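**Q** The structure follows.
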Amino acid sequence: MDYEALKDQWSEIEDRDGIRLSWNTFPSTRMEASRLVVPIGAIYTPLKERTDSPLLQYEPVTCKQPCRAVLNPYANVDIRARIWICPFCLQRNPLPPHYKDITENAIPPELHPQSTTIEYQLARPAPAPPIFLFVVDTCQEDDALKAVKDSLVMSLSLLPPNALVGLITFGTMAQVHELGYTECAKSYVFRGSKDYTAKQIQEMLGLLAPGLRGPVPPQQPGKIAPPVSPAARFLLPVQQADFQITNVLEQLQQDPWPVANDRRPLRCTGVALSVAIGLMETSFQNAGGRIMLFTSGPATEGPGLVVGPQLREPMRSHHDIDRDNVKYYKKAVKFYDSLAKRVSHNGHVVDIFIGSLDQVGLLEMKGLVNSTGGHMVLTDAFTSSQFKQSFVRVFDRDQNDNLVMGFNAALEVLTTKELKITGLIGHAVSLNKKSSSVGETECGIGNTCSWKMCGIDPAASYGIYFEIANQGGPAPMQQAPHKAMMQFLTYYQHSSGQYHLRVTTVARPLSSPAGDSALAQSFDQEAAAVLMARIAVFKADVDDGPDVLRWVDRMLIRLCSRFADYRKDDPTSFRLEKNFTLYPQFMFHLRRTALVIALSAAHMLLLDTFFHNFIFHDETMAAWRKAGYQDQEGYENFRSVLEQPKEDARELIQDRFPLPRFIICDAGGSQARFLLSKLNPSTTHSSGGYGGTQSGQTIFTDDVSLQTFMEHLMNLLQVRLRSSFNEDRRRRLFSFPQPTSTNLKHQGRLTTFRTRHAHLRTTGGEVGAQSALAPKIGPLGLSPKKIGEDIAKATGDWNRQAAISVVPSASSLVIKALKEPPRDRKKEKNIKHSKSIPLDEIIEIARIMKSRSFAKELRGTVLEILGTAFSVGCQVDGRSPKEVSDEVKAGEIDIPSE
């Protein structure tokens with residue numbers, strides 16, 4: 001099957017199952033997998049939208065403990081015996097009673113060959129309807145605050161009628177509005193400078209007072225239980241609180257606390273978030289909900305402070321963080337990470353919407369979004385259409401008029417014995433669930449087979465990484481190739497109020513032990529680039545930036561040397577198969593950014609960089625447009641040329657979240673700076689071509705172009721080929737491996753081994769993080785834990801323990817030679833040293849100081865020490881040091897040469 005047919009097949013699988021694999025044929029041994037360079041991984045979208053899949057209204061059929069795999073099309077079903085054999089553990093399981101009428105021609109939907117992804121509606125209802133708690137910053141301009149209020153009022157009409165809503169506003173103080181009190185506007189005020197504990201917040205809001213708790217009404221079957229008092233005072237159904245919350249928002253004003261011209265507004269973002277989390281976790285733990293923060297500036301008050309209130313104190317920069325010259329950074333990160341741990345444990349989502357041109361401390365708060373799967377939307381202002389339309393898209397609905405978002409989800413992965421799970425990279429937290437499917441190495445969030453996603457939607461994708469379980473050994477008897485399987489179980493709270501389970505089962509063939517050409521043909525370069533990019537981003541939080549770039553380069557060189565065709569000493573012979581050709585370009589763009597090719601003087605360009613959409617008009621096109629040719633008769637073709645990119649841009653941004661910024665720019669215009677920052681330079685300081693005639697705009701830069709990058713890659717492969725050839729030659733000439741039991745098992749063939757070098761930065765005497773060690777050690781089939789312990793033993797003498805040595809001055813040695821009793825210098829002032837020192841001790845002191853003296857001979861050093869003794873005030877042999885010095889100069893006292 002050619003590459004185009006394979007691409008169509010992979011796209012069809014992605015549309016059906018929401019999954020793409022880096023390798024669609026799996027190696028049979030771990031050593032063979034390590035040679036692939038790119039790890040075995042899957043990009044999985046749990047809530048991939050499907051219109052042709054039915055929603056099953058019954059519980060899934062599962063295997064016995066501890067497997068618990070769900071019945072799927074790959075299971076072997078014996079209709080006569082009414083049993084099915086689990087393909088994951090090979091256990092026999094009885095079919096449930098409602099399967100009694102199935103036949104070979106009438107099978108349930110989950111057994112259809114095309115039902116590799118199926119969704120069940122579980123009988124268990126959610127503990128509460130979806131909750132939306134708005135946290136609004138009032139330290140902003142009136143027009144921005146009005147835009148936020150208008151957006152929130154509009155969003156009430158987009159929420160389900162039974163959804164619970166609440167409101168917290170903050171500035172110098174944080175206020176929790178009691179929407180259940182209808183007599184007047186009532187709120188609970190928290191001081192912005194105080195760090196409240198969860199218990200203090202709950203006590204102040206009356207959430208723990210037994211007298212305030214009313215009797216719990218019985219829950220009717222099939223309906224969501226209403227909110228239980230006293231939290232119902234703050235979180236009410238939309239249909240009940242619509243009027244009250246609209247009233248509060250309309251009366252909301254800018255923070256009244258005065259702000260001097262040389263100071264920033266006092267903004268207690270940390271306290272507001274802490275109060276919101278405390279309110280949610282008391283009454284709605286493990287119930288789906290979102291805390292939506294709207295802020296326009298940095299926290300300048302209380303816990304989570306990122307910058308001081310005085311304007312003369314600047315915000316921290318990247319250079320400040322690199323040099324560890326940050327006053328509030330570490331403390332703020334620790335505070336927000338502790339909040340992220342609490343909120344992810346509770347199953348709630350944190351969304352952050354920012355309307356500001358300045359920094360607001362998002363770096364410190366990113367853990368809140370990363371751990372909960374929330375949205376992070378940065379816009380210039382809340383008055384911009386980019387914010388307004390992005391906020392509306394949060395509440396998109398499906399064909400059944402339900403919100404497309406899911407809440408409080410959990411993803412569990414099962415594998416057959418051929419595969420092991422090494423980890424997940426995405427917006428999730430570990431549930432620390434161990435099983436036989438968990439591997440030894442760790443990549444991302446590892447050492448578990450289950451993860452929690454507080455928020456999930458059809459655009460949320462996760463990278464799951466695997467390793468081959470078979471360590472390798474003697475070649476078995478030739479047999480028909482079998483398959484390795486993985487099953488993804490996603491439990492989540494649907495916005496309709498029920499729990500759903502989506503099951504995706506994937507099977508892929510294993511290569512033959514001797515190697516299979518289908519292995520290279522099964523490479524999906526697009527999925528591989530995404531999986532490698534996720535690893536690089538994850539590593540960037542652990543390692544230094546240059547180390548990550550070097551890792552990306554090494555992986556690219558290794559992959560090309562493994563799968564490219566090239567001849568020795570001929571870089572032009574470099575060739576890659578079709579399914580590998582784009583991968584080096586992806587890595588080039590990953591190292592830099594989204595790029596374009598060049599600017600020409602006779603073209604129009606449409607550029608999509610996800611967060612920005614550009615339409616660029618060159619000098620000629622811009623001049624024609626400004627002259628109004630498109631409005632004149634006979635220039636209909638030019639008008640259509642101008643409109644076509646706009647239509648394409650509308651299609652690109654139609655369903656994208658967040659809404660990208662749309663920019664139309666002309667050559668030489670101010671908006672063109674956005675495009676110039678993305679250029680792939682065709683002319684640099686080293687490429688020449690300065691004097692020739694240019695048909696397009698020339699952009700001079702120090703960055704390398706894609707062509708230069710590929711030429712450098714080809715040259716490196718030639719160097720690698722020559723070094724590999726010389727190494728193999730030396731091994732054949734000088735390497736004589738001794739026969740061992742392992743060698744003898746391989747039918748008498750001797751096996752040679754290569755030394756692998758792994759560079760790792762670690763603290764002496766400590767076992768480093770396995771997440772940093774596993775990507776380097778795991779592919780070799782070694783245990784990262786054992787290697788880490790060996791490194792700790794080998795570096796035990798380099799554990800940063802300081803060895804203290806005293807380097808005394810001449811005066812301190814002279815005072816020590818006086819042998820005076822110890823005295824407290826704080827109690828005794830103006831201490832005089834009037835005792836006498838023998839000349840022999842002066843000479844000994846001179847010998848000690850000889851290495852630091854400017855004198856060529858010991859005699860000169862003795863004179864220096866005598867001068868020091870004179871300044872101290874002591875005597876030498878009962879005489880003044882000056883008299884002794886004069887006698888040494890006159891030759892009356894002999895000083896040894898050494």
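Using the three backbone atoms N, Cα and C, a Cβ is placed for every residue, glycine included.
Nobody curates TrEMBL annotations by hand; they come from automatic prediction.
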**Q** Can you identify, from 101-121, 311-331, 731-751, 878-898, the stretch that TrEMBL calls region 'Disordered'?
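**A** Here TrEMBL associates region 'Disordered' with the stretch 878-898.
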**Q** Using DSSP, break the domain 'Large ribosomal subunit protein uL11 C-terminal' (807-876) down into helix, strand and coil residues and give each count.
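**A** Tallying H, G and I as helix, E and B as strand, the rest coil: 37 helix, 4 strand, 29 coil.
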**Q** Find the member of 60-99, 406-510, 807-876 that has more C-beta pairs under 8 Å to the domain 'Sec23/Sec24 helical' (524-596) than any other listed stretch.
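**A** Most contacts with the domain 'Sec23/Sec24 helical' (524-596): 406-510.
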**Q** Apart from its near flanks, which chain residues at least 6 from the ends of the compositional bias 'Basic and acidic residues' (879-892) lie with a Cβ under 8 angstroms of it?
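**A** For the compositional bias 'Basic and acidic residues' (879-892), the nonlocal Cβ contacts are 839, 859, 862-863, 866-867, 869-870.
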**Q** Which numbers of helix, strand and coil residues does DSSP report for the region 'Disordered' (878-898)?
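**A** Result for the region 'Disordered' (878-898), in helix, strand, coil order: 10 helix, 1 strand, 10 coil.
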**Q** Compute the average pLDDT of the predicted model within the domain 'Sec23/Sec24 beta-sandwich' (406-510).
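**A** Taking every residue in the domain 'Sec23/Sec24 beta-sandwich' (406-510) and averaging pLDDT yields 90.
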